[in-house]
Amino acid sequence: MGCCNRRCGLIAGAVLGAVVAILGGILIPVGNIVIEGTVEKEAVIESGTTAYDNWVSTGANVYRQLWIFDLKNPIEVLQYGARPVVVEKGPYTYRIRYLPKENITFNPNNTVSFLLPQGAIFEPSMSVGSEEDNVTSLNLAVAGAYSLVPPLLHFVLENRIKASNSSLFQRRTVKELLWGYTDPLLNGTIGVFSPYNGTYDGYYNVYNGKDDISKVGIIDRWRGEESLDFWDDKYCDMINGTDASSFPPFVDKKKPLYFFSSDICRSVSAGYEKKLNLKGIEVYHYTLQPSTLASPTVNPDNQCFCRDMKTTKNCTLAGVLDISSCQDGRPIYISLPHFLHGSPSLQDQVVGLNPNEEHHNTFLDVEPTTGFTLRFAKRIQVNMMYGPSKVITYVAFHLLKCLTATLDDETADMFKRELTSRIQMLDIIQKTLLGVGVSVFCLCLISYFVVWRGEGKLA
């Protein structure tokens, strides 16, 4: 009788273990469904959701860090056509995106439109010096005028330049170069970012994800249009992806992430590189691909971005993007800092460049479940070209612009508390139930056979 009770107890234990293991197994898909349902609900851009609260406000601090190349041999360049020798000065750091979105309007087609206010506040503690630091650089007005005025009228322009005591190079403060000064040649205000404070980027129209969560944050229209009009080509004029602040949830690392940048007047993509731990949160690390600014001979998709056969050496030059078509004809070229991934000839024309993948490439760190971008650095170099002339074959103004934001400790703790910790707890419960159930089942089953064999020998 005792042996029978023992066998029955072991059978019951095995059954109980199997039930616990099955419960743990069932919790895996059920838990995933619960997590997906919660994320899909909270990722929609509408009043009351987590996504909306983060989306409408400023969120994490976003900084624009700027480095300016200080020209050390302006006389040699001007008189003898020597290669420019430059020294990088910076960063000069400004806090931007501190103003919430404005004119938020929900539309019947499940999109939401808004304006993005632009402003900049200087951050001395994060800067190498003050805005009153002086640098020698290309005169933006003179260089721009030579490109905008037809060659036949250059003699008139040169007389005007002499009369205004202007020169191809000038020494200005950082503040003047960036935010504007009264130029004697133009009799008006000129600066790299002038005007900026009090202006807006947009209108943006983005999908709110209410009818399809896989479209949340994706741009439907910019400035009222579904495509751009800068490139005269259907492919290059496409507006793809989001604004990079977030992406649709449940990110698939096998697929690139697409985003539109109004700074460079085009859409680009980033590819998955590796997993990282950011303040206790697992993120996917994406980087801008070298093919983004490759020459059309390497990446045929870039053919429509090639605008000037002479400047681009018959579209064989890699590493620069001519955006004059969206800058009122001004000779502005975008590249990665220090011409990273650019043709060697670009780097050879300037002394003082040192491209570095780690410091000069663009990256995004995206939390894969929610699609939120928790850290990013969007790094570009703004170049303004002048040349050729009788002496100078090429000279340019170079400005490095780095837009950065990272997760602060308070937001990281909230993120882990509201999402990550719950997912981890559910995962622990699932694995514990499954592990305990399988262990009890196996132990009871083995013990049953041991008892059964022992009883057989006694009989």
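Note that Cβ sites are derived from N, Cα and C of the backbone, with glycine treated the same way.
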Candidate cysteine (Cys304, Cys315) that TrEMBL pairs with Cys306 in a disulfide: Cys315
Among Cys304, Cys326, Cys402, cysteine joined to Cys265 by disulfide in TrEMBL: Cys326
Cα-to-Cα gap, Cys306 (disulfide bond) vs Cys236 (disulfide bond), nearest whole Å: 10
Inter-residue Cα distance where the pair is Cys304 (disulfide bond) and Cys315 (disulfide bond), in Å: 10
